[in-house]
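Record features, source TrEMBL:
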type     : residues                     : note
DOMAIN   : 105-242                      : domain 'Nucleoside diphosphate kinase-like'
BINDING  : 113, 161, 189, 195, 206, 216 : ATP binding site
ACT_SITE : 219                          : active site, pros-phosphohistidine intermediate
């Protein structure tokens, strides 16, 4: 039978207990103990809970506040590859220091490629970005001129696959979008998944809808500077709409 702490004397059969941990999602409650697990990082565990699956809880990481001062703006300038997940707790953490994400409003270019348009995936892409909390400020369908594609992929011109890439991107209509929100550049890269669809994780757009790198459904800018350049290339300023969304702001957005 599962035993619980008595709040009156904070003891269990006369033995002082450690702090109680509660899982607000599952409602689990028990006594915290710390011990290493085989082949795993040390974790805090609950004892005395009825469901063993509720027992493991990641050990919190503490970072001195002074270490984070002045870093918020720095984070927004890092390339998306600098942001990683910590292996112990699975949290989104900038690569050079632990801490929460900055909330800088950014814009990024997202383009559903010809194969994605042909397969009627535009609605799924829009739904994912809207549910994430981002704001659509520009969208159009176009047959992309090869001059625009040449400028867009200028850094790949010497690659052997470049001619096939331009041919593919000009083979059908593309739906180009501009999304706005906090850290939207790096977040959108995480949402679309690895460039090589074979390595894209399930749950990402490419991981769910694509099986080959040559038909990987979608493009998203890979840096803040790159996003600004691509938006200017694909959109005129009068094609972007600054619309107010007061009253619909996600609870993830700080005041």
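Here the Cβ of each residue, glycine as well, is placed from N, Cα and C on the backbone.
Not measured: the values here are computed from a predicted model.
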TODO: Look at the recorded positions 113, 189, 206, 219 and tell me which residue has the greatest number of other C-beta atoms within 10 angstroms of its C-beta.
DONE: 206
Open item on the list: Suppose we draw a 10 Å sphere around the Cβ of residue 216 (ATP binding site). How many other Cβ atoms does it contain, all chains included?
Closed with: 23
TODO: For the domain 'Nucleoside diphosphate kinase-like' (105-242), provide the mean pLDDT of the predicted model.
DONE: 97
TODO: Rounded to the nearest Å, what's the C-alpha distance separating residue 113 (ATP binding site) and residue 219 (active site, pros-phosphohistidine intermediate)? Just drop the number here, would you?
DONE: 7
TODO: Over all pairs in 113, 161, 189, 195, 206, 216, the listed ATP binding residues, work out the largest Cα-Cα distance in Å.
DONE: 22
TODO: Over the span of the domain 'Nucleoside diphosphate kinase-like' (105-242), count residues by DSSP class, listing helix, strand and coil in order.
DONE: 65 helix, 32 strand, 41 coil
Task: binding-site residues near residue 219 (active site, pros-phosphohistidine intermediate) (Cα-Cα within 10 Å), from 161, 189, 195 - done: 189, 195
TODO: Specify the count of other C-beta atoms within 10 Å of the C-beta of residue 195 (ATP binding site).
DONE: 13
